[in-house]
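These come from Swiss-Prot:
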- 17-37: transmembrane segment (TRANSMEM)
- 38-194: topological domain 'Periplasmic' (TOPO_DOM)
- 195-215: transmembrane segment (TRANSMEM)
- 215-266: domain 'HAMP' (DOMAIN)
- 274-480: domain 'Histidine kinase' (DOMAIN)
- His277: phosphohistidine (MOD_RES)
- Asn385, Gln442: Mg(2+) binding site (BINDING)
- 385-393, 415-420, 434-446: ATP binding site (BINDING)
Amino acid sequence: MKKLLHLFFPLSLRVRFLLATAAVVLVLSLAYGMVALIGYSVSFDKTTFRLLRGESNLFYTLAKWENNKLHVELPENIDKQSPTMTLIYDENGQLLWAQRDVPWLMKMIQPDWLKSNGFHEIEADVNDTSLLLSGDHSIQQQLQEVREDDDDAEMTHSVAVNVYPATSRMPKLTIVVVDTIPVELKSSYMVWSWFIYVLSANLLLVIPLLWVAAWWSLRPIEALAKEVRELEEHNRELLNPATTRELTSLVRNLNRLLKSERERYDKYRTTLTDLTHSLKTPLAVLQSTLRSLRSEKMSVSDAEPVMLEQISRISQQIGYYLHRASMHGGTLLSRELHPVAPLLDNLTSALNKVYQRKGVNISLDISPEISFVGEQNDFVEVMGNVLDNACKYCLEFVEISARQTDEHLYIVVEDDGPGIPLSKREVIFDRGQRVDTLRPGQGVGLAVAREITKQYEGKIVAGESMLGGARMEVIFGRQHSTPKDE
């Protein structure tokens, strides 16, 4: 049973729409139908009463009062509007004249009815109605069909009572006219039977139209569901913003969420790539130190501080990149002041160990007064990548110089290597792009360096060195030690 319920519940929007609208249409159809039928019934009763009153007036015209007796002479070719049975009473309720002798009908006439004009109904069984119909064969045949279907069926006859005041030629009379054809056998009564068929046909016609209306109305939601499935299957990046007014806000917020999640994912992936790249230098120093220990070129006491320093740097780098990954775009940069010379000394010392076999000669021309304002790890990451590239591609010499203004810090790194072709001087800053594909590397370092300098409103400019190789000018902006007043 639970499985069966799960197939139908919760109901889809289309089924809900169809059930709700079908219920509304059904209720309205029933309400309108009942109002129409009640109105028709009232109109039918009024029409019947007018017809029977016309018959009553006809008999009153034909009636004559002679010798204290009532005489009614009916012409042979009289044209009556409908088959009727007429009874005439005096003011005391005594029967003066009857069109035919029908005892059961005379008993059904209530004395109270004879006191005023009115419209009434009497109930009779099929056999009594048959006596009242006399020679109407078509109606008798219909009545026989009713008798065959239900022998206990009851028929309803309309009765019109009209009171005529006394005149010089006629005493006060009450004429009762009974419609001999029961209401159930009149063609106008069939409207009650037709109502069920009309209501059924109405629903059969309306439900397909409601289905079309539901399909058309819910198309934007179906389109949105399809786009969400495409997102799940990675066939789409964003939802289509061109949708209905009611869904615009939802789609816009979902697209913002998707963009935010994609940017966060890209940021984590980029940060992880940058972290692995930043660990290359300290790991290379550790590897070089271990190699020196193995070949006994360095004692344990000499190697220990070097290894501890690189392990500390690895720990700092991991913490630094975890912090970067959790930073939001509007996070303020650190305003710490760091002397540049000691930072570059540590970097060159580590790189000398990495490129010990190559015999790189790194020279520094840095004034002790020059300082960097910002996050120390940002400076180390930028200059570490730039210096690593210089040491990797130089023949022997790498020169570092620096100068500072109120707003900017300029650090120039030059080498005597093959240099960078003019057409490649912008490409090298794109992630994954490398000029020399023969040497190991991922093409990440300079891209990371430029991204960090942009956070300081700075840049890195590649050019040609006086030594014959590459010249990299690193520019850090926002170097005022205290924020300026706005």
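Even glycines carry a Cβ here, placed using N, Cα and C.
The average pLDDT the prediction assigns to the domain 'Histidine kinase' (274-480) is 84. Relative to His277 (phosphohistidine), the binding-site residues with Cα atoms inside 10 Å are Asn385, the candidates having been Asn385, Asn389, Tyr393. Remark: secondary structure over the domain 'HAMP' (215-266) totals 39 helix, 0 strand, 13 coil, with classes taken from DSSP. Rounded to the nearest whole angstrom, the C-alpha distance between Asn385 (Mg(2+) binding site) and Pro418 (ATP binding site) is 18. The Cβ of Tyr393 (ATP binding site) has 19 neighbouring Cβ atoms from other residues within 10 Å, across all protein chains displayed. Cβ environment of Asn389 (ATP binding site): Gly445, Leu446, Ala470, Met472 lie under 8 Å away, each six or more residues apart in the same chain. Around the Cβ of Pro418 (ATP binding site), 14 further Cβ atoms fall within 10 Å across all displayed protein chains. His277 (phosphohistidine) falls within a helical segment according to DSSP. The secondary structure of Pro418 (ATP binding site), as reduced to three states from DSSP, is coil rather than helix or strand. Under DSSP, Tyr393 (ATP binding site) is assigned to a helix (H, G or I) in the three-state scheme. DSSP classifies Asn385 (Mg(2+) binding site) as helix under the three-state reduction.
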